[in-house]
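Trainee: Mind having a look at this structure? Questions to follow.
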Amino acid sequence: MPDTVHVLNGPNLNLLGTREPEVYGRTTLADLEAACRASCERHGLDLVFRQTNHEGELVTLLQQARGSLGVVLNAAAYTHTSVALGDAIKAVGLHVVEVHLSNVFAREPFRHHSYISPVARGVICGLGIDGYRLAIDALAASRNS
Ligand code: CA2
């Protein structure tokens, strides 16, 4: 468990690669999982990779990540709306790296606020799927700290 990273993806990310490629790119969720798995393997880490369209399910998945090295979280639209996710991150006391494929600060003002950033270990946005790899690298680097 301490050698496991959980990558959690929120609503509509199951559609990656099929719609709005100009915003989210052409990589599918399956491609993203493969890239995360390769990153984890390079660090000798196990990977739990999940996507859900349901807010409460994301809370449950965060709770289930207790005991792991940490979480890479793209909560998608719930980033901007969910007090429950912010509370869950505080409650589990895990290292959570918030990731967004797009640069949310270059988009609509409602995407500039996050309930996750204040309780996250770090935030990466605008780098596409590379952001997930960088987040895994950061969690791996935190292993002995
Ligand atoms: O840039 C990101 O990763 C976001 O978390 C993506 C969310 C958006 O609400 C956030 O503001 C930023 C939206 C995910 C929707 O994913 C789609 C993927 C393909 C086609 C349509 C939606």
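Every residue, even glycine, has its Cβ placed from backbone N, Cα and C.
Keep in mind that TrEMBL annotations are predicted by a computer and have not been checked by a curator.
What TrEMBL lists as site 'Transition state stabilizer' is ARG19. Among the features that TrEMBL reports, active site, proton acceptor is placed at TYR24. Residues or ranges marked as substrate binding site in TrEMBL: ASN74, HIS80, ASP87, LEU101, SER102, ARG111. Per TrEMBL, the feature active site, proton donor maps to HIS100.
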Trainee: Give the distance between the Cα atoms of SER102 (substrate binding site) and TYR24 (active site, proton acceptor), rounded to the nearest whole Å.
Mentor: 6
Trainee: Cβ atoms within 10 Å, counted per site: which of ASN74, SER102 has the most, among these binding-site residues?
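Mentor: Top count of Cβ atoms within 10 Å goes to ASN74.
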Trainee: Least buried of the recorded positions ARG19, HIS80, HIS100, ARG111, going by other Cβ atoms within 10 Å?
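Mentor: Each of the recorded positions ARG19, HIS80, HIS100, ARG111 was scored by Cβ atoms within 10 Å; lowest is ARG19.
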Trainee: State, in Å as a whole number, the widest CA to CA span among the substrate-binding residues ASN74, HIS80, ASP87, LEU101, SER102, ARG111 given in the record.
Mentor: 24
Trainee: When the Cα of HIS100 (active site, proton donor) is compared with the Cα of each of the recorded positions TYR24, ASN74, HIS80, ASP87, ARG111, which one is closest?
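Mentor: That would be ASN74, nearest by Cα distance.
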Trainee: Given the recorded positions TYR24, ASP87, LEU101, SER102, return the subset with CB under 6 A from an atom of ligand 1, ordered by sequence, or none if empty.
Mentor: TYR24, LEU101, SER102
Trainee: For ASN74 (substrate binding site), which of the three DSSP-derived states applies: helix, strand, or coil?
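Mentor: ASN74 (substrate binding site) sits in a strand per DSSP.
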Trainee: Taking Cα atoms as reference points, rank the binding-site residues ASN74, ASP87, LEU101, ARG111 by distance from ARG19 (site 'Transition state stabilizer') and give the first.
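Mentor: Its closest listed neighbour, by Cα, is LEU101.
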Trainee: Using all protein chains shown, find which of the recorded positions TYR24, ASP87, LEU101 scores highest when you count other CB atoms within 10 A of its CB.
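Mentor: Of TYR24, ASP87, LEU101, the one with the most crowded Cβ is LEU101.
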